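Notes to accompany the following structure.
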């Protein structure tokens, strides 16, 4: 206590000793970075995580470390963010790595794969289950450092023009769904469609497609799908807890002072938990409004879930045979996931089920 | 880019301009704080959150902001931490505020109350559901600033010497359980017992008590309860997601430079998500070992859950009548909780249930 009070009054201390040293040693450097987000500002919860992150980093460094955030397409096309980070065109990016699973399916494992981890399990796997080491080894091969920075929680299964009564109704269905989920659903006869977010509504309205998945109540509501496809299915088993990450070019990362590295790691973790909290706070009211506006909420029939799970195992067998990186990370993740599901079915699952079904 | 490269080469910039200024302006102050934890080092997951926090703060400030962590009883008795922070005896503490519900029952709402929030819901409520504003208003009355810093997830219901077949078996049961849960269980005839952690095992062994709750598999295993009380019940409905917080003396908080305040907030959020992740990673193997060692895993019968829920509502009616602070915060929390349970029963609940019960 004495010492601190002395420092305050006199201004003497470590800082004083540095007066005669070169200027650079007297404080941390001014740094300006650019962060390319893959997301539009209209997805305020996802895009907002990058804003929260940069704001914390700036405030924690007295404004010396400034990270300017650009929405998808502003300086880098949404689906080129990973390459831009790898090549150092931008210092960092915020994206869903499963967009890049065409390069290697292992990219999907840093976001979500069908019947994968939920939001809480992803954090547990990454932070204390070996996920961090496996994923960082993979991304190092692309000259990238990765930090989890947001999760939407389990997504919805999407908007369907007709009711899905059994797995047979998926046969021939033109469904706007991408990536791994599309591969799985193809095995059940579904015809996956790749359509940008802005084109989904007119496609559903005209009947060019039969169904479309987007995110969850809060984001879906903005696009008004309930007016043209009333059956709103859950869960989006292909995205049980999609993780968005901060990706940093390794050379830029290594050049940072230790203080800035530590601030980045803590600020990314904060934005990570904050995005999930924001979605949780916003989704219930949006869901109520959607239902009041005509959305018909339906769980996928059990035979759809079982057939999809079975089809997913076929896709995983093919994918692990094709990509050694995928095989290595996926198999570790599955082992961890199965243990998590065992434990979560006990105290948490039982508590949650009681709270969800209690008589009031 | 040009500017940054120029800065690096010449060392000219804001720092250089500060050479002639008073030394204190050239860098942030050296500060040393003491953090009093209520927890023993043997609870490495809970105690470890404070260690992780101090380590990040130190590294993010180049070692200038040092926070020394003391285990419960080392410099402040475990159950005096809140007072010590309030009075400025220590700058900050890490504890479960429900230990202090004797001062005002509202203290319990920053940790857990029976049939309250799960871990994810607590974060959502605090960060984006109005919980932060309500709880900070309450703690400001005690000259304290609060930040969530860890969650154990839903705890187990505890170790019972005899099987609980219906709510009648709770009548006359001597159960080591404290606080709000004890009040609720008293209404069902249970006789709550207050016994320190180290004395639970011999009390169970001798039959001085019939049952005891502690935390969850990872921590319970260390104390060996399965040897003397084999029935291991779930869930601990009185702790569906207990939050531990960092509490800082307001005067000390206000005196911090903005940079340090920002670093504290991010580092506490990081330790918050990290503790939950660590418990999730450690609990499944511990549970398997306990069951292999003879523990008989049982859910509380539905009539026990229903009767406990009903008794809890009676306690809440009494408590809201007695404490205006409790009433204000509790009613806002309940409204938020009910919306969360609605939403979580849809995409997340459905996904989790499928994953927990799927045929492999």
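Every residue gets a Cβ built from N, Cα and C, even glycine.
What you see is a predicted model, and the numbers here were worked out from it, not measured in a lab.
Binding of substrate is annotated in TrEMBL for A:155, A:176, A:239; the matching candidate from A:205, A:213, A:270 at the same site is A:213. Of the recorded residues, residue A:239 (substrate binding site) and residue A:214 (Na(+) binding site) place their C-alpha atoms 11 Å from one another. Just so you know, the Cβ of residue A:214 (Na(+) binding site) picks up 20 other Cβ atoms within 10 Å once every protein chain is counted. Cα of residue A:176 (substrate binding site) to Cα of residue A:214 (Na(+) binding site): a distance of 9 Å. For residue A:155 (substrate binding site), the same-chain residues that are 6 or more apart in sequence and have a Cβ closer than 8 Å to its Cβ are A:213, A:215, A:216, A:235, A:236, A:238, A:239, A:242.
Listed in chain order, the extra residues whose Cβ falls within 8 Å of the Cβ center of the substrate site residues A:155, A:176, A:213, A:239 are A:156, A:157, A:158, A:177, A:181, A:212, A:214, A:215, A:236, A:238. Each of the binding-site residues A:213, A:239 was scored by how many other Cβ atoms lie within 10 Å of its Cβ, and the smallest score goes to A:213. Using a cut-off of under 8 A between C-beta atoms, the binding-site residues A:155, A:214, A:239 that neighbour chain B are A:155. In the three-state DSSP scheme, residue A:155 (substrate binding site) is classed as coil.
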